[in-house]
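For reference, TrEMBL has these:
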- 6-30: transmembrane segment (TRANSMEM)
- 90-108: transmembrane segment (TRANSMEM)
- 120-141: transmembrane segment (TRANSMEM)
- 153-173: transmembrane segment (TRANSMEM)
- 179-204: transmembrane segment (TRANSMEM)
- 243-267: transmembrane segment (TRANSMEM)
- 313-331: transmembrane segment (TRANSMEM)
- 423-442: transmembrane segment (TRANSMEM)
- 476-499: transmembrane segment (TRANSMEM)
Amino acid sequence: MAPPLVAIVRLATASRVLVLTLSLLARLLFRPYDTSASLHPPCLSSPSFPPSASSSNSTATATAISSLAVWDGVHFARSAECGYEYEQSFAFLPLLPASIALLSRSLFAPLVPMLGYRAVLVISGHVLNNVAFVGAAAYFYRLSVLILKDSGAAYRASVLFCFNPASVFYSSLYSESLYALFSLGGLFYLFSGARTVAMIMLALSGSARSNGALNAGYICFEALLQAYDAAIQKKRPMWAVQALVTGFLRSTCVFLPFFAFQAYGYLNICVHGDTDELRPWCKAKLPLLYSFIQSHYWGVGFLRYFQVKQLPNFLLASPVLSLAVYSIVHYTKLLHQLFQSTSIHEQIIAIVDGRLVEAYESSDVATVLKSEISTGPHNKKQGNTEVKKRKSVAASAASAASLDSNVSRGRIVGDNKDECPLLVLPFILHLTFMTFTAFFVMHVQVSTRFLSASPPIYWAASRILAPARGGSCKRWGYFVIVYFVAYILLGSLLFPNFYPFT
């Protein structure tokens, strides 16, 4: 049998092939509701990369490929080709447009004379997003194993992620795949101890989607753990201050891409704009373009979507919202049991010490083995002394890890109860905020894809689908499977043909 990670990569690839096949079949069999995606007005200003073939090769193939950019994909493709021309186009963050523009001018540049620049942009976007999703699925599995300490639950959750209800968006010209890749990858590296890599990846997630900036909260949580350990356990208050300051700076770096893009919009519209009269948001004390666009053009705001005519959209979003609420309630109960069974102090120390042991075992133990092999006859005595010393440290560290692992893995909850490590807490807090925002502030139907990269939803669903469970859990498991399959089919049918889905 293939290793679980390899199996997840294969399943993720197969799921992308399935979704793309279903979407193309739906496009061939049914007429799109809105055919305006095939329209291609020229850029307001000359594009920075104006291949001569883009205007002359309006072949049927090129037009058909270009029309695969639907809904928000039209805006992403337009921004990649012409830059940010209109105020409302600044709602679409720059990572995806910049990435597909780069691919179209490099790897896929030979296709431009045959198909035209816009068609190649669409191809680049589809290739990039499907590859990014496979990477995101791999990181999802690695993160789930790291947090849950249960490879079986992690595998089931990863399979569900590969076939999630928002699958069609991960295979389209949308920013979900890049966001999931950098968000899940960043969280994996953060809780693995590679904080600089995590900071870079989480910052990139914030340049893909606005909610990526919320990932700064995970860095704050991790910094608090380090500061508590330094101040309480190690009695090093200066180390605690250093951990807090470093965490604050890293969190600021995660926010930076989003606010840098807002500053770019302010300069383009408010400072260097063509209109004589300033736009209303330019005069605000905190001129945030993104929030103005969401409110002015899309009617996003607290309770603004609570209208009778929007009931079908609430029904469309009800499955993922129900699953999100179940995840929050389930893990909140387990965390409550965890805190009743042991002190928060023990939990934090177990997490920090356990991570140090893992880092030690992955580096110094390897050095021990290397030392045993490479010790020559002239320094054999000194080498053996060093090896024995390191072996002693490794043995004590392994012993500590064995004791701490029972705590960090949630064994204190009881052998017959679900396990819940403390590291689940920031994920639940993040999901709670996202769910509240999706239900009360946003267009509620967007919840399906807005929450689709949140790990606790799949962790909780994998618990429902656990083989040992029966009765009501088994019945609910059927509902979960039906929901996932039905939304993949519905999404693949409706979304590519410009019918409203989420």
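Quick reminder: no glycine exception, Cβ is built from N, Cα and C everywhere.
Any TrEMBL annotation is an automated prediction that lacks curation.
Computed from a predicted structure; not experimentally measured.
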Before we move on, state whether the transmembrane segment (120-141) and the transmembrane segment (6-30) share at least 3 Cβ pairs under 8 Å, counting only pairs 6 or more apart in sequence.
yes
Same chain only, please: residues at least 6 beyond the ends of the transmembrane segment (423-442) with a C-beta under 8 Å from a C-beta of the stretch. Say none if there are none.
147-148, 191, 211, 214-215, 217-218, 221, 300-303, 305, 317, 321, 324-325, 327-328, 331-332, 334-335, 351, 408, 450-451, 454-457, 459
Cβ contacts under 8 Å made by the transmembrane segment (90-108) with residues that lie 6+ beyond its boundaries
49, 72, 75-77, 79-81, 84, 117, 120-121, 123-125, 127-129, 173-175, 178, 204, 207-210, 258, 261, 265, 269, 289-290, 293-294, 297-298
Any residues 6+ beyond the ends of the transmembrane segment (476-499) with a Cβ under 8 Å from its own?
18-19, 22-24, 26-27, 30-35, 37, 68, 70-71, 160, 163-169, 172, 319, 323, 448, 461, 464-465, 469
